[in-house]
Amino acid sequence: MTKRKHVAVLLGGWSSEREVSLRSGKACADALERCGYQVTRVDVQRNIGTVLDQLKPDVALVMLHGRPGEDGTIQGVLETLGIPYSHSGVLASALAMQKDLAKTVMATAGVPVAEGLTLSRAEVAKRHVMAPPYVIKPVADGSSVGVFMVTEAHEHPPQELFRDDWPHGEQLLVEKYVAGKELTCAVVKGEPTGVIEIVQTNKFYDYEAKYSPGGSNHILPASLLPFVYQEVRRLTLAAHVALGCRGVSRADFRFDDRIEGTAGLICLEVNTQPGMTETSLVPELAADAGITFDELVQWMVEDASLGR
C-alpha cells in the first residue's frame with residue numbers, strides 16, 4: 001500500500017493578515033483531505049522550527065500571508081530543515097515583500113511601475129511629500145493593510161501615522177495615484193492566467209473588499225481590448241520571472257484607458273502568497289482556465305521543492 005504524503009499546511013501566524021491566512025489554510029487543508037493526503041494544520045508561532053522538526057512532514061504548503069510567511073523567513077526555516085515547500089523561495093519572497101526593491105527589479109525588467117518615494121513614517125506624517133492624489137502604503141505588508149489615499153491638497157496626512165502603536169513599520173512607500181481599471185492576473189503552472197477586472201465602491205481594493213463576500217465585483221475576462229489583455233498577461237509573467245517567483249503568484253495592475261495603447265498600464269505589486277479563500281482571485285482565475293480548486297491545491301503540493 002502506497003504511503004500517503006504527509007502535508008503540513010502552515011497557516012495563521014502573527015501578522016495583520018492572520019485571519020485571511022486561517023481561511024486560506026482551512027480551504028486548502030480541506031481540499032487536500034478530499035484528495036487523500038494526510039494533513040496536519042499548523043498554526044505558526046515563533047517555535048515553528050521546533051514544531052516542524054518534530055512533525056517531519058513530507059511537504060509544507062505555505063498558506064501564510066504577511067510576515068513571517070511571505071518575507072522569506074518561513075522559507076529559510078524550511079530550507080534549513082530540508083522540508084520541500086510550495087510557492088516562492090527565500091530570495092523571491094523577501095524581494096517581492098519589500099515593495100520598493102521589487103519595483104526597482106521589475107522596472108529594470110521592463111515592467112512599468114508607479115512613480116513613488118520611500119520615506120520614513122515621520123516624514124510622510126508631517127507634510128505632503130508629493131502633490132495629491134497619492135497612496136501611502138507600508139513597504140512590507142500585504143492585503144492593502146495600512147494603506148491610505150490622500151486625494152486633495154487641503155487634506156492632512158492620515159492621523160493613523162502618528163500612532164505610537166503603528167504596527168506596519170517605519171518605512172512607507174508613497175506612490176502617485178494611478179487612475180483607471182483595477183486588474184489582476186496570476187501565474188499558475190508556469191503560464192499566465194486570464195485577467196480579472198475588479199470593480200468596487202471603495203477608493204481602492206482594500207482588505208474588506210478583498211475578503212468580504214460582495215465586497216467587490218469581478219469581471220472575467222476583463223473588458224479590455226485584446227492587445228491590452230495580452231499585455232497584462234505578458235507583464236504578469238515577466239514580473240514573476242524577474243523576481244524569481246515559483247509556483248503561484250499574482251500581479252496587480254491599474255490601467256488608464258484614456259492613455260493611448262498600453263502606456264496607461266502600471267504594475268502595482270506582485271504577491272507571492274496570494275489568498276486562497278472562497279472570495280480570492282487565484283482560485284477564480286484557475287477555474288477559468290479549467291483547473292478546479294482541489295486540482296490547484298494538489299498541484300501546489302506536488303510542485304513543492306527545496307532551493308526555490
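Yeah, the Cβs are placed from backbone N, Cα and C, and that goes for glycine too.
Copied over from Swiss-Prot, here are the features:
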{"type": "BINDING", "residues": "130-184", "note": "ATP binding site"}
{"type": "BINDING", "residues": "Asp252, Glu269", "note": "Mg(2+) 1 binding site"}
{"type": "BINDING", "residues": "Glu269, Asn271", "note": "Mg(2+) 2 binding site"}
{"type": "DOMAIN", "residues": "103-302", "note": "domain 'ATP-grasp'"}
Measure the Cβ-based neighbour count of Asn271 (Mg(2+) 2 binding site), defined as the other Cβ atoms within 10 Å of its Cβ.
23
Inter-residue Cα distance where the pair is Asp252 (Mg(2+) 1 binding site) and Lys137 (ATP binding site), in Å:
15
Work out how many Å separate Asp252 (Mg(2+) 1 binding site) and Leu172 (ATP binding site) at their Cα atoms, rounded off.
19
DSSP-derived structure type at Asn271 (Mg(2+) 2 binding site), helix or strand or else coil:
strand
Give me the long-range Cβ neighbours of Ala179 (ATP binding site): same chain, 6+ apart, Cβ under 8 Å, in sequence order.
Arg254, Asp256, Arg258
What are the sequence-distant neighbours of Glu269 (Mg(2+) 1 binding site), meaning same chain, six or more residues apart, C-beta distance under 8 angstroms?
Ala96, Lys99, Ala102, Ala251, Asp252
In angstrom units, rounded to an integer, how far apart are the Cα atoms of Met130 (ATP binding site) and Asn271 (Mg(2+) 2 binding site)?
26
What mean pLDDT does the predicted model reach across the domain 'ATP-grasp' (103-302)?
91
In angstrom units, rounded to an integer, how far apart are the Cα atoms of Thr151 (ATP binding site) and Asn271 (Mg(2+) 2 binding site)?
26
Leu172 (ATP binding site) - helix vs strand vs coil (DSSP):
strand
Return the count of C-beta atoms lying within 10 angstroms of the C-beta of Pro158 (ATP binding site), excluding that atom itself.
16
Listed binding-site residues (Met130, Thr151, Asp165, Leu172), ranked by Cβ neighbours within 10 Å, top entry:
Leu172
